[in-house]
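> Pasting in a structure now, in structure tokens, and then I'll have a few things to ask.
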């Protein structure tokens, strides 16, 4: 055996990779697309980690000092955070492509995580051995994925990012109306009720270190749980057919490994195509004390929530996402009887469709129409003088 082969065998033995590579995977999981979206989300996380490390080196968080840049309309005064992203996108070789890949990979991860959640909801994956714990990990990973995307959207400190930050701070303040005293604690930790350089540095730390570390740990626990408990059984009422499908397995290497590599290459191809066909320009900057004009939307992962805040009573609208997450966490405790076939779980399939309808309807409605509603203390954080939270419209891109 040559030295390279001996080194490879040593690595496989010391890190117990041989058991991982030989782990049996049911053949139906390799053929059914419903079982792929978790891998898409995980691979997107890897792409985000690689591109994010480079962007983190080039990015500098802060509201001050301010800089002057040239725009399509002349010139504009911008914050340090915005100028940092401006330099990455327009003054750094390949910086625009790097930022675009990071942005689209974040969108892809959010979409894949949401699709993965609904697929596992429909399949009743929490019913198998160890499935309840994996379901809880998945719900937490979904919440962290959306949180991470919104934190990253805030960092450029454009108008949309400023609005996204205020929506996040609003959620904590809303909780106080339900008797949960977290709003003042969050404000005390951040040191302000509106955007400052200190808050931007805290968000940068959360986005670059804290949240990714938590996601990585939970992702590792989930992968280990899948190795222990296996993948979700096929949604069939025929027990004999289910057992045959579970027994027909293939080793992870080379079958699932080849599928994962091909999937990763396909993801990279789609990302590059999106960057080339649908480039996302850096949006109009925001500065402290400057009124944010109407015509600003938050990032699409929270657009649905913002729509409901404007459309219905704040007590109800704030309770919707909280109730949806809490209900998702206790689903394994409620749905304990019966099988996992669609015929036996039609009520839970309807609940999954209701989840999708709530999120989808709010998102589409928010992008299509403007909902006129006066500002109230329940729909904004405590503002500086002459400053209000903006509503929906179309921001002006910077050239």
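Each Cβ is built from the backbone N, Cα and C atoms, and glycine gets one as well.
I grabbed these lines from TrEMBL:
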- 7-235: domain 'Cytochrome b/b6 N-terminal region profile' (DOMAIN)
- 34-59: transmembrane segment (TRANSMEM)
- 101-122: transmembrane segment (TRANSMEM)
- 134-155: transmembrane segment (TRANSMEM)
- 175-196: transmembrane segment (TRANSMEM)
- 208-228: transmembrane segment (TRANSMEM)
- 315-334: transmembrane segment (TRANSMEM)
- 346-369: transmembrane segment (TRANSMEM)
> With the transmembrane segment (101-122) as the reference, which stretch in 34-59, 134-155, 208-228, 315-334, 346-369 has the largest tally of C-beta pairs below 8 Å?
34-59
> Can you tell me which of 34-59, 134-155, 315-334, 346-369 gets the most C-beta pairs within less than 8 Å of the transmembrane segment (208-228)?
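Looking only at 34-59, 134-155, 315-334, 346-369, the most contacts with the transmembrane segment (208-228) come from 134-155.
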> What residues elsewhere in the chain lie close to the transmembrane segment (34-59), defined as a C-beta under 8 angstroms and at least 6 residues from its ends?
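The answer is 28, 81, 84-85, 87-88, 92, 95, 98-99, 101-102, 105-106, 108-109, 112-113, 115-116, 119, 122-123, 145, 155, 204, 208, 212, 215, 219, 231-232, 259-260, 263-264, 267-268, 271.
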